[in-house]
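Pulled from TrEMBL, these are the features on record:
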ACT_SITE  B:E77  active site, proton donor
BINDING   B:C75, B:C108, B:C111  Zn(2+) binding site
DOMAIN    B:21-150  domain 'CMP/dCMP-type deaminase'
There are 4 protein chains.
Amino acid sequence: MPPISLLRAKDDAAKYGLDPEVLLKLKEKAMGARGVAYCPYSSFRVGCALLTADGDGTIITGANVECASTPVGICAERCALGKAKTEGYDKFAALAVATDISPPASPCGMCRQFIREFCDLNMPIFMYDKDGSCVVRTLEELLPMSFGPDDLKRGEVREEL
Amino acid sequence: MPPISLLRAKDDAAKYGLDPEVLLKLKEKAMGARGVAYCPYSSFRVGCALLTADGDGTIITGANVECASTPVGICAERCALGKAKTEGYDKFAALAVATDISPPASPCGMCRQFIREFCDLNMPIFMYDKDGSCVVRTLEELLPMSFGPDDLKRGEVREEL
Amino acid sequence: MPPISLLRAKDDAAKYGLDPEVLLKLKEKAMGARGVAYCPYSSFRVGCALLTADGDGTIITGANVECASTPVGICAERCALGKAKTEGYDKFAALAVATDISPPASPCGMCRQFIREFCDLNMPIFMYDKDGSCVVRTLEELLPMSFGPDDLKRGEVREEL
Amino acid sequence: MPPISLLRAKDDAAKYGLDPEVLLKLKEKAMGARGVAYCPYSSFRVGCALLTADGDGTIITGANVECASTPVGICAERCALGKAKTEGYDKFAALAVATDISPPASPCGMCRQFIREFCDLNMPIFMYDKDGSCVVRTLEELLPMSFGPDDLKRGEVREEL
Ligand SMILES: [Zn+2]
Ligand SMILES: [Zn+2]
Ligand SMILES: [Zn+2]
Ligand SMILES: [Zn+2]
């Protein structure tokens with residue numbers, strides 16, 4: 001009989017059309033990415049893993065990279081997405097974040113907005129707590145009524161009137 | 001018979017425990033604040049008005065203030081909240097944003113997170129379109145499962161273990 | 001005989017074409033503004049005072065306003081400038097920042113860039129330490145070879161070719 | 001006789017203790033990285049290349065990745081550094097940025113601050129214009145009197161008094 005986590009991953013994966021083995025790999029990568037966080041100011045490690053959907057399902061990871069001037073720092077999710085976009089990936093199937101607290105932390109609003117720029121509203125976001133327990137929500141559930149690329153275009157139409 | 005806008009304001013105000021005259025004033029201030037936006041890069045004006053609840057119901061306004069290095073700019077909501085906090089206000093009853101598009105734009109995720117730092121999750125956020133038509137949601141509806149001040153404290157507990 | 005601080009202020013003021021009494025007032029306001037800082041995450045208070053030059057020499061203040069998601073926070077300088085711009089001020093004669101350390105801290109790079117957007121390169125920036133001792137530099141000295149509004153316009157020219 | 005660019009690279013490289021062939025490679029990578037910029041809002045492409053000094057001199061690249069809510073976007077330099085740090089690199093020998101204008105654009109203040117977090121003050125920053133012509137400055141020359149990790153520690157000392 002498979003371990004509990006695989007059973008749970010099967011349910012989650014099925015719900016969002018993912019392969020359970022891939023989802024477990026994504027979780028592992030997000031939890032592992034906490035290890036490369038640079039967070040001397042907050043001591044709050046965040047790891048992120050992003051499942052690309054362009055080709056062979058490459059997983060891109062990131063972690064929070066802070067700065068003495070704290071507003072200059074980069075969260076784990078924006079780190080991973082910036083990396084993925086500049087490495088040529090344009091389609092994403094799932095995002096996972098992992099922290100050292102329980103229940104799990106969710107992406108901050110700034111990151112939800114950045115994810116919104118590149119991912120479908122129905123893309124699942126898996127949030128893992130310190131022990132690997134998971135809560136999952138779609139991007140739309142985390143950022144309802146979002147402001148996105150199309151809204152700026154609506155502004156341009158106004159300019160032309 | 002009162003004008004339509006007052007009728008609608010009465011409903012919205014009643015729902016969130018606000019005075020309808022105050023809500024109309026808040027709307028007027030948010031729409032007016034678009035006029036002081038500094039947005040040469042996006043041409044997308046945003047006005048914000050914040051109803052304080054510390055004392056006499058002062059309304060603090062703000063607008064987007066952009067920068068040639070675009071990540072350095074400040075959105076209208078963060079402008080208004082930064083102003084209010086450093087002028088001594090700590091309690092807020094409602095926030096209103098106004099843009100020049102329709103349907104109305106919502107606060108970006110970064111601003112939802114900043115609002116989250118200072119306001120109750122059930123505080124109403126009124127979003128006005130170019131003609132003053134309104135959509136309203138609570139902060140919690142716009143930023144569900146949010147990460148806030150208490151979550152960092154949870155991290156500290158972990159450190160002590 | 002005037003107190004030491006006024007003597008020093010006289011020298012600094014003369015060098016930058018300011019009134020020494022006004023400069024002392026600016027210093028006082030910057031040091032006082034530390035008191036309204038919201039900095040539960042860094043415990044690093046910063047106060048800022050901005051001398052406007054549009055009319056009667058109004059001084060606008062600001063302080064750092066942090067956020068649990070640290071990149072979302074606003075530094076004191078950007079707080080003060082956002083406030084000033086949206087209250088209708090467009091010309092600035094001097095900026096002062098005050099912290100609780102010695103020697104005094106300088107504005108972070110992000111804030112230097114934001115100041116660059118609105119102020120002359122030869123505007124003086126006064127940096128006060130915990131005891132009110134001062135170091136002063138022009139904006140250009142703090143952000144040499146800066147990237148500003150005109151550089152984006154250069155990009156537009158390229159687009160038209 | 002070697003081409004002009006190599007001659008120039010030899011001088012620059014010698015001045016900063018770099019191998020001229022490596023410097024040319026760094027330039028090429030920075031200019032090439034402009035091609036992966038995501039900048040639909042500014043149409044201002046920036047490429048960045050970072051020469052690591054931990055081991056075999058790997059070059060990490062990045063580009064600007066913008067967002068409809070413009071303050072949420074990431075500049076090329078922060079993209080490259082976030083990537084490098086989370087891929088395990090801790091020492092950097094040089095950074096190069098390339099844009100499509102001339103004379104070349106410099107890193108914005110926000111990025112200078114982020115570079116300051118991870119690099120020596122005497123690290124050279126090479127700025128390439130649209131044709132590959134170069135201006136070079138050290139980090140300290142671009143961000144004099146900078147605020148860094150040590151300044152926050154100074155604040156902590158104060159707390160203990
Ligand atoms: Zn974030
Ligand atoms: Zn915003
Ligand atoms: Zn700053
Ligand atoms: Zn930058």
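Cβ atoms are placed via backbone N, Cα and C, with glycine included.
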Cα of B:C108 (Zn(2+) binding site) to Cα of B:E77 (active site, proton donor), in Å and rounded, measures 9
What are the sequence-distant neighbours of B:C75 (Zn(2+) binding site), meaning same chain, six or more residues apart, C-beta distance under 8 angstroms?
B:V46, B:N64, B:P107, B:C108, B:M110, B:C111
If you count Cβ atoms within 10 Å of the Cβ of B:C108 (Zn(2+) binding site), leaving out that atom itself, what do you get?
31
The residue listed as 'active site, proton donor': tally of other CB atoms within 10 A of its CB:
25
Take the recorded positions B:C75, B:E77, B:C108, B:C111 and keep those with a Cβ under 8 Å from any chain A Cβ; what remains?
B:C108, B:C111
On the DSSP side of things, how many residues of the domain 'CMP/dCMP-type deaminase' (B:21-150) fall into helix, strand and coil, could you say?
46 helix, 31 strand, 53 coil
